[in-house]
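Participant: What TrEMBL shows for this protein is this:
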ACT_SITE  2  active site, nucleophile
ACT_SITE  603  active site, for Fru-6P isomerization activity
DOMAIN    2-219  domain 'Glutamine amidotransferase type-2'
DOMAIN    287-428  domain 'SIS'
DOMAIN    459-598  domain 'SIS'
TRANSMEM  570-589  transmembrane segment
Ligand code: F6R
């Protein structure tokens, strides 16, 4: 949450900071700001509430110049959305931008007030700025040493970049369990929360690790731990193409990402499907088979859309590999006293690999006797990947739209491959081959449905002014209904809830009237007859029904059919996700909502 970019350069940094901020806006867009040291060695700070474009307009009018500076896009945690709470925060000569949460800010604030500091914001970041200033005044140390002395007093997971106006030749970056990446230039260097902010200026990067304090100058970089020992971090070359993060012909990133799914899934499958219809996960190494054979229970932990993917896989793991599987919301996993089952294996799922709740669950799991842990993640180099025993990449490519789309379907693709692999190791006949055959068809089947978007567009025009909607499904289509409802609520702000179809009669049926459309996901399978009964229960109570199915059945006028082609069983849940994504997208488009940046949300949720 919150995006940081900073630079020390030969040229004017304004363009670097503002372009970088635009790329980081997915991390928070409540307000943004920047601060530079200008030619006269003064601090120039510009901040404003709202989207980064507003800041850019303001900055452009001022025509400022500087070769060292920091910028920040905020997702409010401490204090309301206001200019005063917007970063950078300044205490005399100290400038700070910060991502994450300081847990002991109240105590430090009280202390600093007794030392005469006046607070202009409610943020924990201003506490850090004043603390560093107080410490520097007391010790007269360099800002790097002051930071080394102060980090023990700062409790929480955070990252920050600091400039001391009195030494405008270096940026100091601190990484405490929240990501920061250094971008290496020629005679200039950069730092950001995500490499995406720097891809237009460099391809060479260095990830900071927990506890690192980096001193970044124009021509050199030194990384220290808090005991002042120099640490070496590996330089990596990014293959991500800058072009791939542009919207291209699409109106929104979400639309682009929905349409990218056939290609993303192909990338997910690439080099993992063998010609003899078996699966290989070369990246897991040789231990994989031995380890997987021992698994007697699978525990999956994730949040939001990633949680919904996990829920689908629970049905797969249990029915296809005969392995008991429990799925848990990460924040709940970390909120209770856990008892791990015998020979249980932990899986985390995350697009960003930085979700604080999921990370915290992983860290907590290490105190228990799991066989091991694996993460299914889209971001190589993310904290979750670094801290996990095993990693399977979803290879979805960068996802910018705050509402996850291609992440979800590629997560399901990896999970289905994992199911196939475990079924094979458990000698469950033919499952692996059947799954591989199905997976090979998946990209084309998705293209087919994307080409028929008009069908969904028409329904969106009928539904966009509704206030509430229900989504129902049975079996693995229940979590698909959950994902459909989540997509709709987050980008259209329509209240949407998902239910297991059989559960409706246990309470929610009372809600049914002609104003609450019910979306039913009902492909032909062994549960179809049961869900038909649920449809009857709704239609006989005058509910307005939209059935997504490869079948039509004779019903009253209030039942509308969205007829989809038949799709092979294993991949059908992935396939049925697409029309629901499109439905949410076109409803939000009709409502003229800010689809890529829904209110109050951020793409990467790095606070618990
Ligand atoms: C919904 C959405 C969120 C994320 C959740 C977890 O469209 O994007 O619900 O799925 O915040 O994020 P990751 O997968 O990055 O851990």
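Yeah, the Cβs are placed from backbone N, Cα and C, and that goes for glycine too.
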Participant: In which DSSP state, out of helix, strand and coil, do we find residue 603 (active site, for Fru-6P isomerization activity)?
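Facilitator: Its secondary structure by DSSP: coil.
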Participant: Need one number: mean pLDDT over the domain 'Glutamine amidotransferase type-2' (2-219).
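Facilitator: Mean model confidence (pLDDT) across the domain 'Glutamine amidotransferase type-2' (2-219) is 95.
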Participant: Applying a 10 Å Cβ distance cut-off over all chains shown, what neighbour count does the residue listed as 'active site, for Fru-6P isomerization activity' have?
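Facilitator: There are 25 of them.
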Participant: Could you give me the DSSP helix, strand and coil counts for the domain 'SIS' (287-428)?
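Facilitator: Tallied per class, the domain 'SIS' (287-428) gives 64 helix, 28 strand, 50 coil.
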Participant: Looking only at C-alpha atoms, tell me how far residue 603 (active site, for Fru-6P isomerization activity) is from residue 2 (active site, nucleophile), rounded to the nearest Å.
Facilitator: 10
Participant: Which residues does residue 2 (active site, nucleophile) neighbour through Cβ under 8 Å, counting only same-chain ones at least six apart?
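Facilitator: In sequence order, the residues whose Cβ lies under 8 Å from that of residue 2 (active site, nucleophile) (at least 6 apart) are 27, 28, 72, 73, 74, 75, 87, 98, 99, 100, 193, 602, 606.
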